[in-house]
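Heads up: the structure comes next, in structure tokens.
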Amino acid sequence: MYLWLKLLAFSLALLGPEVFVTGQGTTDDGLDTTEIVLLPQTDPLPARTTEFTPPSISERGNGSSETTYLPGFSSTLMPHLTPQPDSQTPSARGADTQTLSSQADLTTLTAAPSGETDPPGVPEESTVPETFPGGTPILARNSTAPSPTHTSNVSTTDISSGANLTTPAPSTLGFASNTTTSTEIATPQTKPSCDEKFGNVTVRYIYDDSSKNFNANLEGDKKPKCEYTDCEKELKNLPECSQKNVTLSNGSCTPDKIINLDVPPGTHNFNLTNCTPDIEANTSICLEWKIKNKFTCDIQKISYNFRCTPEMKTFALDKHGTLWLHNLTVRTNYTCAAEVLYNNVILLKQDRRVQTDFGTPEMLPHVQCKNSTNSTTLVSWAEPASKHHGYILCYKKTPSEKCENLANDVNSFEVKNLRPYTEYTVSLFAYVIGRVQRNGPAKDCNFRTKAARPGKVNGMKTSRASDNSINVTCNSPYEINGPEARYILEVKSGGSLVKTFNQSTCKFVVDNLYYSTDYEFLVYFYNGEYLGDPEIKPQSTSYNSKALIIFLVFLIIVTSIALLVVLYKIYDLRKKRSSNLDEQQELVERDEEKQLINVDPIHSDLLLETYKRKIADEGRLFLAEFQSIPRVFSKFPIKDARKSQNQNKNRYVDILPYDYNRVELSEINGDAGSTYINASYIDGFKEPRKYIAAQGPRDETVDDFWKMIWEQKATVIVMVTRCEEGNRNKCAEYWPCMEEGTRTFRDVVVTINDHKRCPDYIIQKLSIAHKKEKATGREVTHIQFTSWPDHGVPEDPHLLLKLRRRVNAFSNFFSGPIVVHCSAGVGRTGTYIGIDAMLESLEAEGKVDVYGYVVNLRRQRCLMVQVEAQYILIHQALVEYNQFGETEVNLSELHSCLQNLKKRDPPSDPSPLEAEYQRLPSYRSWRTQHIGNQEENKKKNRSSNVVPYDFNRVPLKHELEMSKESEAESDESSDEDSDSEETSKYINASFVMSYWKPEMMIAAQGPLKETIGDFWQMIFQRKVKVIVMLTELMSGDQEVCAQYWGEGKQTYGDMEVMLKDTNKSSAYILRAFELRHSKRKEPRTVYQYQCTTWKGEELPAEPKDLVTLIQNIKQKLPKSGSEGMKYHKHASILVHCRDGSQQTGLFCALFNLLESAETEDVVDVFQVVKSLRKARPGMVGSFEQYQFLYDIMASIYPTQNGQVKKANSQDKIEFHNEVDGAKQDANCVQPADPLNKAQEDSKEVGASEPASGSEEPEHSANGPMSPALTPSS
């Protein structure tokens, strides 16, 4: 027995006290603890190092891959170890030999291999290596005391969540048996401290990209082992910045060791940025660690370190992580190492290389301004020593400044486009461009430009101070251009200098002038070196008011006496009236002759003066003359016209031909009524029966009309009406149309051969033949004048002179009478015949007797020249012809005519072309300009000298009236009702007649910035198709036209303007705009042609480009030549330059001349320019422009062998200006003032009744209207 006990004790001694380990880790209630059983490694671990490379480990059997979290560099974080007392303390050695049973609750971890054993006889202490955060091992402590095989229990506690995971030791342990028995009982031994046993345990954190969490491994001096397969040494899916407690327990030590795990944040939360402001980047550096917004870790545990070279200074920063370095060297490289620390252990490290920016350049050592002219100066300088990339040169005059950016390799610059006699300061500095542009200090130099010619004075006004004294005031010119300011006034009358004044202020009082005399006042500005161009204003003195009072007293006395005489005569006539009809008739006849007054013939040199005298006082003298002419001479019977069979052949019952001179037709089959037609023979000037005045044919009398044409051998028919006027039938259409070809009128066959439409008339070539006569057919020319308005008379008497030229071109000596008819055959017919006959008298005898000839017309046909306005129109046509003569030229004769016009004979006299230009009326102030000169509208005018006349300005509606009708129907409606001055807005634009009269153009100034919206409203309301822009936006530093378009969509009130397309050519830019109105459904397309070769000069540099531009514009316009005079005030084309006159006038004139040449093969430069001047002030204002029009037309239409050869637009256009500047100044005399137009209302004489209810007498449609007076030069 003793022996067996001895063997048992010996066996127990061999196994050692640690064969049975009863260590179960205990934790606080509520914590979930995981115990991991580890076996000690037999191999010692290497010593701890501070540098490591995070490995990729795989400790699971399934080959899953994990990546260490800290890429790029390594550091070891020492674990925070908190001891915890062991819950079980064995009291005796024998307790270790007890067999324990425990159920292990293990997480899924990979077990360490268990095949390693300790060397015999060497006691070993179990260690658990811990790596934090990236796997850097820490040295394990080894014990020299022998130790039996044991197990360690590891418990982990999630501090933040309270979960307790426990892995207990296995309850049953195997041990080695020995046959040796011993009765010796092992004495109990004291256990070592677990802090010492697990002192070298480290924690290694590994970031898992797939789960976005950390895995923690426990490591020590020796690789830990697990005795059983369900033992764990790795914790997975730890969120960043979370905390856990790990409890290490082992039966060989007491108490258990607790490790607090503090999981670090991921490096993706940190971003190193350069926060240096650009402006400070040359001497400062700013680096900042940015933390993501959703950062949940304790910011107090984060710290930062920076170390920058070349200074090699280290900067420890607080939680803000921003580094500022100041006073650094410019353009120098710096390298900074930036570190992020977590619990004072390096978590992330980055190197950042930063270069400071360029420094500010130095001031230029020398700047000089020299060689100044009146518009330029030369600036030179020396290069600075510091680094620079270029120069900026600024030159200024108060308050404006303009700068130029110059290259680095220049050292001089010529400043251009300066104002004369102006102080300028030039500032020059160098600059360098890095992260920002840095400008060096400026170096200045001052200079003054030289003097130049001044501009015209502004705001010149003349007014009467008394009957024979005039006040003249003005303002200084915009451009003085010199050191002094003197005003010189010249007073002229009839081209002769009367007085001269010279003073420092522009306030003159010119007295002691002649009464009722026209004067011209010319004001020059002198700046001390140069004399400017004159500003000219006409002004007339008044009559002598004192003498007028005496005259009025005398007139009252004479009038009173005359009134008494008239009353007596009336009484006497009534007393002598007889009841006998024959005696009454005899008395009337005597009275008709007696009521005529004595009017002397007018000589050509007194024609204008006589006209002025008679038109004065609302045409009182003209009215007296006209009313003295009997409407009907009753001594001439009209029995044939009143016969019953003839009454239906008369259009009006009271407009009948006299029996003695009516046109008699051949009798048909004994029918006496077949000889009648309402037509009369009319004598011309010393040529009997030159004309036949007829009524407009009715449907019932068309056959008789052609019978008259055939029998009278007439070859020219002049029709001075339209078939319908004002919805009233005026004349039957008695000729075949081109589609019809031929029409038969009883025995006369009429064939139309040609039809040509011109603006004011239509020419048709007809052939007539008689069925029953063997005589050959005849050619008949039918000319229909279409420009006579429904009411009144033509505004321009030149139109009737032009009609006369066309008629005379087709008439010859062998022709029969010229047949002239309107509707009734008296009013317009008599007017045309009167003009034709009196012009023959003027050409033959140099005098005219208009009154006497009209009396003779009335003796041949009643009511000839039916109303007073027609009577005055005859005088106006004579004045027009006498003043201006024939200025129309055929294209085939243009070259020879132009050569003669340019000849000087003698050389000192003006050429005929210059004399023709001098005869052009200026039309200054011939119409009112009240609207444009109102105070609220003055700011809308670019020039006070170019203000539209009231009668033809373009009014703007305040709101577009939307009609329920379609837009096509609204186009046909007239706009005149809505164009009243009271309800319309103002814009500086005028209607200008185009060659095709009803189709008007608009001449406008370049829009101001504040009138761009009005400009587009005008385009929309007037249905403009094409805009012609003849100016640049800027002239020097002065705006001459606001840019009224932009990229994309522009909105102006209810208008939207969209630039759709842009095309550029060598001569112009074509833009297409789409206009939309909020109250209109359909958009409109408007084309803009911007001329780029006319740079503001008076004449275009490339005339052929202007012709090409016009040809291209015409392709965009609707087809011209509409019949009728319906006046819509719509314009297909709008032309504008700076002021709407200088370049616009030349363009409009050339546009109309080209149309005239293409349509009629004639040009009339004089009349075209005269018409434009009547429409807008300042149109074609120089002789150079006037001569240019002749030259360009001659170049476009050269002649070869007497035939016109039309030139291509690409052909070279040459001009020969034979007038030098000095001679022109001497030869161009300013025309005198135009006369005022007569009043528009006068009363017609008598009344007529229509023959049928559907027709009215002619004079009701031709009611008196004011004549359009032609002003004189």
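Note: Cβ is positioned from N, Cα and C throughout, glycine not excepted.
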Residue among Asn274, Asn502, Asn1063 with Swiss-Prot annotation N-linked glycosylation site is Asn502
In Swiss-Prot, the N-linked glycosylation site annotation, restricted to Asn250, Asn678, Asn890, falls on Asn250
Given that Swiss-Prot records Asp790, Cys822, Ser823, Ala824, Gly825, Val826, Gly827, Arg828 as binding substrate, the matching residue among Gln764, Gln860, Gln866 is Gln866
Counting Cβ atoms within 10 Å of each Cβ, the densest environment among the active-site residues Cys822, Cys1137 belongs to Cys822
Rounding to whole Å, the Cα atoms of Cys1137 (active site, phosphocysteine intermediate) and Cys822 (active site, phosphocysteine intermediate) are apart by 43
